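These features come from TrEMBL:
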DOMAIN    260-334  domain 'U-box'
REPEAT    401-443  repeat 'ARM'
REPEAT    442-484  repeat 'ARM'
REPEAT    483-525  repeat 'ARM'
Amino acid sequence: MAGGAASPPHGGASPDFLLRLVLDIVSANAAEGTNAARALFKKDCTDLVRRIALLKHLLEEIRDFGGSSDNDYARASSSSASSWSADLAVALQSAKRLVPVASAYNSDDSSDGGAKRLSFQFQCVTWKLEKVLGKIPYDQYQISEEVQEQVSLVRAQLRRATERYWSLNSRKVSNALSQPLENQYWSTNSEISAKLDSVSENCGTKSRRRDADPTTKILERVESASTSSDVSLLDEIDPKGLENVATECPEETKKPDALVTPEDFLCPISLELMRDPVIVSTGQTYERSYIQRWIDCGNATCPKTQQKLKKLTLTPNYVLRSLITQWCAKHNIEQPSGLANGRLKKSDGSLHDVSGDMAAIQALVCKLSSRCLEERRAAVAEIRSLSKRSTDNRILIADAGAIPVLVNLLTTDDVSLQEHAVTSILNLSIYENNKSLIMLTGAIPSIVQVLRAGSMEARENAAATLFSLSLADENKIIIGASGAIPALVDLLQDGTARGKKDAATALFNLCIYQGNKGRAVRAGIVTALLKMLTDSRNCMVDEALTILSVLASNHDAKAAIVKASTIPVLIDLLRSGLPRNKENAAAILLALCKRDTESLSCISRLGAAIPLTELSKSGTERAKRKATTLLEHLHRLQQH
């Protein structure tokens, strides 16, 4: 890891560890500040560090809570706290690596590609921080109202910053980056490494002996073979060669808990350990969700080399993933499922024997690959039933290796096998740890194929599976890029009542990610939603309005909504809809009229002022705010 930062303790990061990270970031930025007068990203660094510094009070209260009651702190630390604190540590470590590099980056020696890459990294870091701050269990730590308000303010600022970076990056060239930038700042991989090394923590004066590092030798072989479709190096790799990975810092200068991640295991965009490494057409490897987001921003170059990407296909780097998995297992970085020696950990921390269930489930999984069709059908039907019953079963089935086999069954021509397989994957995805296992098997293309061409039951459950997997933000990006959205829009139009609801739920969740909104518009979602709004049965008006309210912030979606003559329908809902529908209709109209005099004039001509006035007095609190703001816009329009 560039910088040799200590990894957070297994299972979560302590308040002291997080506080050290915050203080390190603040002090590093202060030291860089004196030499950053011409830095292109000076304001970005200052804003990010200022927001991170405000977290100091939160972490101090959590630390003090732990000191006041060890039992209470232990209970708090044993549940969701472990997840959010570990995520916060990762986000802060990313910021710690980014700030010094960005601070030293000035307009004299920069290039458009290098600046764009740094801007994208700021987008990633602010997005991660905003996301994790939303997970903080305030009640568990008895956080004061003042600090809660302060964190809410920081979240709001981070959210706005993320949206601003998205806007800048999606246009490729922003005002801040439009100056002539002639020199290539990071022209080679060695220069990148040198730059990161120069801002890292001091690991002593000894130079790195990279040529003597066995992991580096393996990685060089992986990189040279990475563009080949026939890579099989695993049989030649000696696992013992990984034992010297964390020896880059001299023994006398390393902290006892320090763990150095090999640089080749880090995504060049996020600077984080890769979980799903993929290769782009230039032969470089990135974490799938981050390179997909880079492409979604309209970039057609390789972030590391600045070469044009001849094609946008992402190829899994299985060899590197295997190396990372071995390294994580050796250093206890993987999150455990709670299963050990035939015993499963309960939520209260106690263990219960599941060895009998394990044996039965392993036998079932073996039958999934049987040559006998009826035996396969019986086995997958039983796994579907078991996976529906309990979390324990979901853990055991995944641990028995069922997920890759079930994914293979998605491509079968047998309708019964396919239906049971996709429903089993849906049930397994309910357990959070299984989501990443399903994604790592490359299940999405097969699930999308079922969504397109399966039986109606299989299509419905495929849509529900995509919704479940998309609850993880990074998966929204991957699923959106897979071609799932057009297939979901098709189900929204021609599915059963249940299928339409499954499709609507998945589309709503996917469209929270900005890059998927344009995809949904191009797939014809606006026409489908308008049809739902005008359906005399009124069975899916809520869902249609909810999706439209998410889409309306996107420029392309806004234009499509107006072009489809949706405004008159929304005004009718203001007059006669249910309270919730009136609220969403007002919110959508406000978004459509923002900086759009033509749309504002349209709602004025259609007599929206009367229902808006009524709504501003008798609607829900949110509806009152939206209606009042719209009325103010209408009033200003009339004055002109």
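Using N, Cα and C of the backbone, Cβ positions are placed for all residues, glycine too.
Since we're looking at a predicted model, the values are computed, not measured.
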Query raised in the report: How many helix, strand and coil residues does the repeat 'ARM' (442-484) contain under DSSP?
Result: 33 helix, 0 strand, 10 coil
Requested in this report: Restricting attention to the repeat 'ARM' (401-443), give the mean pLDDT.
Outcome: 92
Query raised in the report: Can you count helix, strand and coil residues in the domain 'U-box' (260-334) using DSSP?
Result: 25 helix, 12 strand, 38 coil
